[in-house]
Each structure stands twice: as C-alpha cells, then as structure tokens.
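**Q** Provided herewith is a single structure, encoded as structure tokens, for subsequent inquiry.
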Amino acid sequence: MQFINGIRIEWLKTKRSAASWLCLVGGFFLPLMSFIGFLKDHKTIDNFSGPVNSWLVYFVHLREFLVIALLPMGIILVTSLITQVEYRNNSWKLVHTLPRTWLHTFSTKLAVLLLMVFKFFIFFNAGMLLAALLPVLLFEHRLPRDPVPVVALLRANLHIFIVCLPVIALQYLFSLRFRNFLVPLGLGLLLWIGSLILVQNWSYAWISPYSYTGLLTQPKANTAGINIFALALVYFPAITTISFLLYYFKRDKS
C-alpha cells in the first residue's frame, strides 16, 4: 500500500508537466500524420489489403518511424524530465527526510517512468485505431474489411515495450547521476544516434541496448542470432540494480 501511495505521489508530480504533454503529443503524432495522409490521398486502411491483415501492414508502416526515432527520443526526453524534477526544485533533501527507504524512493520513480511509457503506447494505439477507422467511415460509410487482430497487435506492442526497458533503465541511471539536465539528455542522444549507425554497419550492434528498437526493423541476420528480447530482459534488471547501488552509495544525494 505504501508503494502504491508513493507511485500516486510521484504521478501527481507529472500532471501538466512537459513530460506528460510529450507523451500525449508524441503518442498521437504519427497517427495524426497518417490520418492527414489518408484524407489527402483519399485512401483508407483497405488500400493495405492483401495476403496479410491490413491492420498489421498498417501497424508495421507506422512502427518504422516509431521505433527508429520517435520512441527512443521520447524516452530519453521523458526520463530526463521526470527524474530531474527534484534537482530543478532542489527538493532531494526533503524527499530523503520522508519516512521511506532508499529503495522505495528509487522504485516509485522508476515505476512512474514505466507507466509514462505505457501511457504513450495507449495514446499511440488509440490514435492508430482512430486514424484508420475515421477515413473508412467518412469515405465508404462502413468499417474496414479486415478485423482488428487484437492479439497480434498486443504482442507487437509488448515486443517494442520490452526492447525499450534497458534504455529506460540507462536513462534513469544517467538522470539520477547528473544534476545537469543536458548531461543525461546528451548521453542518451549520443548513444541512440551512435547505435543507429551501428545497426546498419555492425553485426554486433546488439551489444548496445539503444540499438534494439532499430533492430526490430532489420532482418534477423543483423542480430547475429541473438534474441534481443531475452537480452533486453537481462539488461533491464542488471542496469536497474547498478543504478540503485550508485544511487544508494552516492555521497551527495541533494
């Protein structure tokens, strides 16, 4: 119960914040562009019809830009913004005087970060469904021909979320470690851009967690036979543990 209350307190700090607006705008950006494209070209999701369910083709079409650019950049920005709240308000000392453990403070902030990313996925998928349904209703006054493959879409979203976990953990580590907002932001952008380059030219790009979203769009051969989903699930707890230890033993926590 104390943990849930802690999450609620941390979540309230994000209300009307730049991070919250970033999730909203970022989540609906690609679906909105897709919707405008449908209206401009007078097309609908049924134009993707073929041997594969048109919803899956449509999702993969949006996923390309989502996983390569929008989502990694959004995670880097949101994590830095949320974690830096205490530094901006000079309130770390106040936080540490509250009757809760170091682990409680660390884990509630991390939980809020994960919930923010989850909220982004909700906005993205809601926008994707609306952007596909409205043109069909508007132009043809009916529903799309193919049914929505709910299970397949949930699985695809889960895969994207899993490969994002190590990036969230690393950005959380950087943001707790450095007071200056620009340092974790710069490190994240540098690692992300560097990893995008490695994905195209190096078969061992999977070493960098920042490459995983990009590898989702590449042939399996580019991962050298490595299961990036399993590796992400190993990286995340390992990086999180290191991050907590660095936070716990940090001399100046203000």
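Every residue gets a Cβ built from N, Cα and C, even glycine.
Please treat TrEMBL annotations as automatic predictions, because they have not gone through curation.
Bear in mind that the values here come from a model prediction, so they are computed numbers and not experimental data.
Pulled the feature table from TrEMBL, pasting it below:
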type: TRANSMEM; residues: 21-39; note: transmembrane segment
type: TRANSMEM; residues: 59-83; note: transmembrane segment
type: TRANSMEM; residues: 110-136; note: transmembrane segment
type: TRANSMEM; residues: 156-174; note: transmembrane segment
type: TRANSMEM; residues: 181-204; note: transmembrane segment
type: TRANSMEM; residues: 224-249; note: transmembrane segment
**Q** Thinking of Cβ pairs under 8 Å, which stretch from 59-83, 110-136, 156-174, 224-249 has the most of them with the transmembrane segment (181-204)?
**A** 59-83
**Q** What else in the chain is close to the transmembrane segment (156-174), if you only count residues 6 or more beyond its ends and a Cβ gap under 8 Å?
**A** 56, 59, 63, 66-67, 71-72, 75-76, 79-80, 83, 109-110, 113-114, 117-118, 121, 125, 183-184, 187-188, 191-192, 209-210, 212-213, 215-216, 228-229, 232-233, 235-236, 239-240, 242-243, 246
**Q** Mind checking which residues reach the transmembrane segment (21-39)? Cβ under 8 Å, same chain, six or more beyond either end.
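**A** Those are 45, 58, 61-62, 65-66, 70-71, 74, 77-78, 81, 116, 119-124, 126-128, 130-132, 134-135, 138, in sequence order.
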